[in-house]
Amino acid sequence: MSARDRLVSPLIRDNPVTRQILGICSALAVTTSMTTALTMSAALVFVLCTAAALISAIRRHIPRAIRLILQITIIATLVILVDELLRAYAFALSERLSIFVGLIVTNCLVLGRAEAFAMHHPAGAAVLDGLGNALGYGLVLMVVAAIRELLGTGALFGRTVLPLAEEGGWFAPLRLMQLAPAAFFVLGLLVWAIRSARPEQVERPEHRLAPEAEP
Amino acid sequence: MSGILFDAIFADNLALSFFLGICTFLAVSQKLSTAVGLGLALIAVQGVTVPLNALIYHALLAKGAWGWAGLPEVDLTHLRIIVFIGVIAAVVQVLEMALDRFVPVLHRGLGIFLPLITVNCAILGGSLFMVERRYDIAEAAIWGIGSGIGWALAIAALAAIRERLRYADMPEGLQGLGAAFIVTGLMSLGFTAFGGLAR
């Protein structure tokens, strides 16, 4: 696999969220607005790349029996760093992200890439793989957030795009889009769209309707 | 107190309104029996770790907790993430050994799920919410058990629905993951309605 493939393939084809079902946990909660989604994506890019580089650099010295504990410790340290930085320089934003920055520790995407890739590859490749996967995750986050914020409040990044009816415009916001169920619907439809475009990703049904019998 | 319990199970359901533990939620909801097993394991772990973490947080990490040692300025709250994850990993390990020794039947049933639970964000999320909402230890115990029950209820319901859904004739791209998301969304709508009932 070339370096370019490693970076590009997790963006859509092997996207961590829609294909590998990794890291959905924290993905959905921060998608009520583009600002929170962007912050979360940036935090994940930093944690995933740095963790991949560190773990890959010491991979020959890690005893197999304690590798998971070691990986979690490294990841948790990086997450604490991000959390404290956000608290210091963007306190309002960190209040809105609530506990979800801390939950990057148990984001299966970070541990999954560390265990599956960084443990067996040199640092350069591991960072590229981490960057690709983090960007793929970020891409899904941004798409879901864009749909939910635009339809839910008529704004993008907090700036009004569709003039609201109550302020003299024409757009009546869908309040449902800001609630939890909408995140599931939007992501479900997104998965459907990606799989319609790339039929090789479709899961085979276990049962099929029998062809109509002649009466 | 009963308000916390009701909120934890329905209105603030970890899986359906905070999206916690969704990876496992979607991956292990193909069969009702395994889903119930995982749900029970989660109630047990959540019920132990949240009050334990509350105890550790109030005794060691909170601001002013070291006042008795003449260090009233020490504030170790930033260490909570790493301490909580350590406690969770340890509790899961101990629970696994204890079950193996005393209830081997249950251990064989839950076997593979217990280690999986260490990295389930519902567990860490439960402990972090406990800090954010400033629960004391009794409230934390109720919140832990309640949120565990809520999560178990949700995964059991989803698994039961997916067992029926297997025979449905759906558009190809929606098969599997896509349909699971939509069904979860509908369940989430239902649980939100329970929230209105509480207030």
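From the backbone N, Cα and C atoms, a Cβ is placed for every residue, glycine too.
Taken from TrEMBL, the feature transmembrane segment covers B:6-28 (among others).
Feature annotation from TrEMBL assigns transmembrane segment to B:35-59 (among others). Listed as Cβ neighbours of the transmembrane segment (B:35-59) (distance under 8 Å, sequence separation of 6 or more from its ends, same chain) are residues 21, 24, 28-29, 65, 80, 83-84, 87-88, 91-92, 95, 109-110, 113-114, 116-117, 120, 122-123, 126-127, 130-131, 135-137, 140-141, 143-145, 147-149, 151-153, 155-156, 158-159.
The transmembrane segment feature in TrEMBL is assigned to B:79-98 (among others). For the transmembrane segment (B:79-98), the list of distant contacts is 44-45, 48-49, 52-53, 56-57, 60-61, 107, 114-115, 117-118, 123-124, 127-128, 131: same-chain residues at least six beyond its ends, Cβ to Cβ under 8 Å.
Beyond the transmembrane segment (B:110-129), the same-chain residues lying 6 or more positions past its ends with a Cβ under 8 Å from any Cβ of the stretch are 14-15, 18, 20-21, 23-24, 28, 34, 37-38, 40-42, 45-46, 49-50, 53-54, 80-81, 84-85, 88-89, 92, 95-96, 99, 143-144, 147-148, 151. The transmembrane segment annotation in TrEMBL covers B:110-129 (among others).
Taken from TrEMBL, the feature transmembrane segment covers B:141-161 (among others).
Same-chain residues lying 6+ beyond the ends of the transmembrane segment (B:173-198) with a Cβ under 8 Å from its Cβ atoms: 3, 6-7, 10-13, 15-17, 22, 25-26, 29, 154, 157-158, 161-162, 165. As annotated by TrEMBL, transmembrane segment applies to B:173-198 (among others).
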